[in-house]
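A.B. asks: My questions all concern the structure below.
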Amino acid sequence: MSAKKASQPMLNTTGSLQEGEMGKMFHGKCLRIVSPESPAKLYCCYGVIMVLSVAVVALSVALSVKMTPQISTINTYAACPRNWIGVGNKCFYFSEYASNWTFSQTFCKAQEAELARFDTEEELNFLSRYKGSFDYWIGLHRESSEHPWKWTDNTQYNYSLSIRGVERYAYLNDIGISSARVYADKRWSCSKLNSYSLQCKTPFSPM
């Protein structure tokens with residue numbers, strides 16, 4: 001009996017040791033499954049990191065495109081020569097002295113221009129407003145009262161504003177356009193196309 005009783009604690013101790021070893025083994029397996037070092041877990045983590053990285057890059061690109069100003073190129077005309085005034089694509093000159101129509105046209109020719117020509121209502125309004133109280137020769141003439149009015153380049157005058165009088169040379173006054181003889185002394189206005197254009201880059205943000 002004593003031998004049996006003595007052997008029982010030893011058996012219990014051995015069983016406990018075996019149970020402890022098995023517990024450690026299962027615990028280690030569980031840790032390996034849960035541990036981030038397992039291949040499945042690592043692949044999952046890498047996948048999440050890649051998705052987040054792509055999302056961050058895409059968001060950064062979208063924000064940079066939205067906030068970066070876009071450049072729009074607009075054609076504008078360069079400054080006119082000194083003492084000339086720019087309107088649209090033309091430059092206009094207003095004399096401070098009076099002379100006849102022929103001399104006035106010769107002066108404008110020397111400036112690589114012609115006696116003033118208007119092609120739009122804006123240009124006509126500008127000429128009428130800027131001339132003040134003085135009369136100014138413009139580039140309209142005709143062979144006789146029976147012939148149509150023409151510009152200095154011989155293109156026909158087609159504007160709706162009529163020209164008063166029966167003379168051959170036109171000038172701008174307070175009531176519109178009138179005609180006078182060639183030797184009458186009046187101030188004059190020259191005009192020329194401004195062929196020099198600049199590209200002006202203006203930034204704007206997309207909506």
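Placed from the backbone N, Cα and C atoms, the Cβ positions cover glycine too.
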A.B. asks: According to Swiss-Prot, one residue in Asn100, Asn158 is annotated as N-linked glycosylation site; name it.
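C.D. replies: Record annotation (Swiss-Prot, N-linked glycosylation site): Asn100.
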A.B. asks: Just to confirm what the record says: which one of Ser16, Ser104, Ser144 has phosphoserine annotated in Swiss-Prot?
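C.D. replies: Checked Swiss-Prot: the phosphoserine annotation sits on Ser16.
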A.B. asks: Out of Ser7, Ser72, Ser128, Ser133, which one does Swiss-Prot list as phosphoserine?
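C.D. replies: Looking at Swiss-Prot, the phosphoserine feature maps to Ser7.
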A.B. asks: For Asn100 (N-linked glycosylation site), which residues in the same chain are close in space, meaning a Cβ under 8 Å from its Cβ, but six or more apart along the sequence?
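C.D. replies: Within the chain, Asn100 (N-linked glycosylation site) has Cβ neighbours under 8 Å at Val182, Tyr183, Ala184, Asp185, Lys186.
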